[in-house]
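Now, the feature entries from TrEMBL:
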type	residues	note
DOMAIN	217-342	domain 'Ig-like'
DOMAIN	345-435	domain 'Ig-like'
DOMAIN	441-529	domain 'Ig-like'
SIGNAL	1-21	signal peptide
TRANSMEM	540-561	transmembrane segment
Amino acid sequence: MGLLPLFTSMLLFSWTTLNAALKITKVDLSIEPSAAVYRDTNVALRCKAEVLTFGTEALNRVYTIYKGDSVIYNKTTSSSEDLLYHLPQARVSNNGKYKCKISIMGEEKASEAATLTVEGMSTPILRFNKANITEGESVTATCLALGETGSLLFSFYDNSKEVENARVTSNELTFVPKGVGNHIIHCSYLVFVMPNSFKSQTSNTVTLTVEELSIEPVLKISPQDNVYEGDTVNITCSVSNVTKDYQAGELLLSQDTELLKSGKTSIHVNWTAHARTPMLTIKCRLYLRDVVKVVNKTISVSELFSVPTLKISALEVFQEDEISLTCRIAAKGIKKKSKVLTIHPKVPVSTPKIWVSGSAILGRKVEIFCLSDTGTPPITYTLWKANKQNQIAIVHEFNKAANFTIVINEPGRLNHYLCKASNGNRTPEQSDKLQTAVIEPMTEAYLMVVPDVDDISEGHTVILICSFLGTPPVTVRWLRDSDDLNPLKTTTTNINTTSYEFVVNKEHTDNYYCQAENRANSVESNKINLVVGMAMWKKLLIPGTIILVVSSLVMVGFILFTRSRRGKRERAAELSVKPASPKSDDSLTVTLTHDTEVYNAATDAASFCDDKEGRVTNGTRGSVASLPADISNRSSYSIPATV
């Protein structure tokens, strides 16, 4: 392993060990001197944390102070002393809920919220840049909230009525007082500490004097009496008391809603009188800054002759019918027009068309439209159901269909509906019957699986069958819980059942369901838990493998055991003694040892020497034959032999 990976591993191990030996057990936030204080009190937020650590090494602590959901202070320190956050000279804007959070090496904990309430607000002071003004002149008011902080909204009041558009975030307002005389002005302010607001006391009052403008509009009319239509009337609109420093305003001369002329200091009009109404009102308006002064006079204009009347001989005129029009006119320099009468030959209605907007769904409302392509409005449309009048609609516009709303309560078709159209005394035109099929909403869906869910193994072919009720075409989606956003398959059918076939493996274990949708709505079926079992060849392979392994172990054991016995016989044969020149009276003793039972040399040796080669005879040098395997299991034995 290289030095860098080793060093990284040691650091990671050390960090994990330290982190495991670190626990923040408690975090408290207290408000000093108390949670409810008066304005100008020095407040401190004390954050105290209890931390269990391993060892004496100082750890970096990250303190975070919250007001509501906003972070207002952060500090990183290795000291275990309490954190103090100071609020010098507390204000109402400091009101709210505070919270402290501490974080050490990924371990963090927050305190409970503590609420600070500060009472007392400074009394606002109102000041003006002027004490006396003339009508229409603006004045600037300043509302001082000494020492207050936070989000402030100022309001100004004129004679206890709030000045229009006077709620401002700035403490200064420029406005034009309305009306002459004395105005008693005061102000106040709000401090917003979301979601609450705190209102101050009322400020001092200031008296503002508004003097009336010395200039006035003047209106002159000549003649003003015995005026007949067609007469010329001289009208003058001017301004009185105009001085050198007069800032030109604007003059407007009007008769009712008709503007006759406009100007600066004087207007003159030669106006021809018309007897539109018994009394005519002439107005002269003066606009100067934000001041409006109005003077008006009325004159009576006598009618010279009446308004002509245009008549038509028939109430209703159809195409190819005769039209008779009459018109009256008069003279003496006065021309009068009758009201404009537009005559359009009335066009009879054509055979109406009937149709449905959107889809006709059982149990829901549907809009039926009826329209004649031609026909002069108003046209009366009538909806009929099975020879019974159902609804009536009158349409006053060209090429606009009548709209009928019904509720579909029967399946099948809407062929018992038709409409009729009429715009006069003629026989109404009748539409064809409505040929729209009613869509039955999807009511239920049922899912089944073939074969049975208990007999499904890897490699099997599974068929999911989805049955449903509703008007086709129906779109069917096959879904599973683990991926319900991506259908396994989507198909559209005109019958009430469809299927999905696939070959399963272990990954197909899941909950399956189908979703059926037509033009009305969609429904989901029951869910089937499909558990895919192990394939049969795998089930047979496991015991076969076990038997093969056991057999192999037995065979290996037998081979090892056989080889062990043969080896021991060969080692015993190597122990045969062959001296170079032994004496005839020397005896040979062979001793073998093993860590098993004691061998009976007297009995077993004789039996052994009788049955094996290399028997010992007098005067003949013999050899000790190979020992049988079972002798190797004896603890010790002796064979006396005479050579």
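Count begins at 1; order follows the chain as displayed.
Glycine is treated like the rest: Cβ placed from N, Cα and C.
Residues in the domain 'Ig-like' (345-435) partition by DSSP class (helix H, G, I; strand E, B; coil) as 0 helix, 44 strand, 47 coil. Secondary structure of the domain 'Ig-like' (441-529) per DSSP, as helix, strand and coil residue counts: 9 helix, 49 strand, 31 coil. Here the domain 'Ig-like' (441-529) returns a mean pLDDT of 89 for the predicted model.
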